[in-house]
Amino acid sequence: MNTQLKKRNLIQFYLIEPILRQNSLRQLRTKPTHHYNDRTRNTKEHNQQDYLFLYKSKGQHLLTNQRILDTIVRKSSINPTDTVLEIGPGTGNLTLKLLNVASKVVAVEIDQRMVEVLNKRVKEHGFEEKLSVIREDALKAEFPKFDLVVANIPYGISSPLVAKLVYGVNPFRSATLLLQKEFARRLLAKPGDSEFNRLAVNVKLVANVEFVMNVSKRDFLPAPKVDSSVVIIRPKDQIPDVNLDEWWAFTKTCFGKKNKTLGATFKQKKKVIELFRLSKMASSNGEEMNRNQYVCADDDGDIEESDGEECHSSSCTDRELLFFKEKIIEVLKAASFEDKRPSKLCNEELLYLLSMLNQSGIYFHELTKPSSVDNVAFAAAYS
């Protein structure tokens, strides 16, 4: 009985043969493992070099539509001298097309089985000298220099990976990314759109996002539950002169409840206490804030506000808190933001409000707690 229950609870995975004939796919097969009979098992063992399990739970969905693959490569505007970074190449359907037009492809793949298949296919096509494989988690890997990013990104790491790219140390021309359709809509959202959130605000601070096309889930093997979209992210030549730690903490506060008025958000007692503590620390600490942390959260939920340090007579008084709260509201009113909602504000308006608050001695980032340059876990600090 227990054995049967365990079998029912196993994550379903698919058996495919990813090795191509010259210029075409061989027959693709799918079969759940718990339906294997002895003959199937023997066949698998005999041809184990030609077979590969794909795990849906790990976001292993291979794009097989050649027309879509060609369009992605064409829209990426790859020059013959370019080095292309590909994240999650899988068995190499996109990689082979990139190698045809680029000078070099750097592929980041964590699954050793995929790497073996990828190397085999690339060697069969005579491109082994142009391919460099980094077998590591893309969120932890140190990327070498590259000109472009072209990738079918596993859905589970879309947010942290986009953040790592747009806020990373490597300059690049553009990133053509195949993403979950809903996630792409949030990247493309504008103020007033229902999808507009902190993700869009933080990405658009440093980059422009362009929609390319939608991709049906039927174009993948195994098929995911949702459709996808292709977008192109292009870093801006110039970005606003704003402290990024302060900006990320500010947008976290504003977009905790994006449809709530700013006046209502900043009048909350816990928020007033938190900002009072941070601002008091900032006033006594003149060191420059660290600007290197990947924070670009994709969250619309409530902020779990810190209780902070309860204000006692030794740290602050009710009079001080009241004065500080009035100062915040005074800034909001002076800039005509008290009744406005973050979901309807553009970046220029948000930047202006942050500047006004900072000038009045109101800060959002804890200066005495340095950022971790190595922390690329998405929104680890602010979500």
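Glycine is treated like the rest: Cβ placed from N, Cα and C.
The following features are taken from TrEMBL:
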BINDING   His61, Leu63, Gly88, Glu109, Asp137, Asn152  S-adenosyl-L-methionine binding site
DOMAIN    68-237  domain 'Ribosomal RNA adenine methylase transferase N-terminal'
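Within 10 Å of the Cβ of His61 (S-adenosyl-L-methionine binding site) there are 25 other Cβ atoms, across all protein chains. Binding residues for S-adenosyl-L-methionine (His61, Leu63, Gly88, Glu109, Asp137, Asn152) extend across at most 20 Å, taking the greatest CA-CA distance. The binding-site residues in question are Leu63, Gly88, Glu109, Asp137, Asn152, and the one with the fewest Cβ neighbours inside 10 Å is Asp137.
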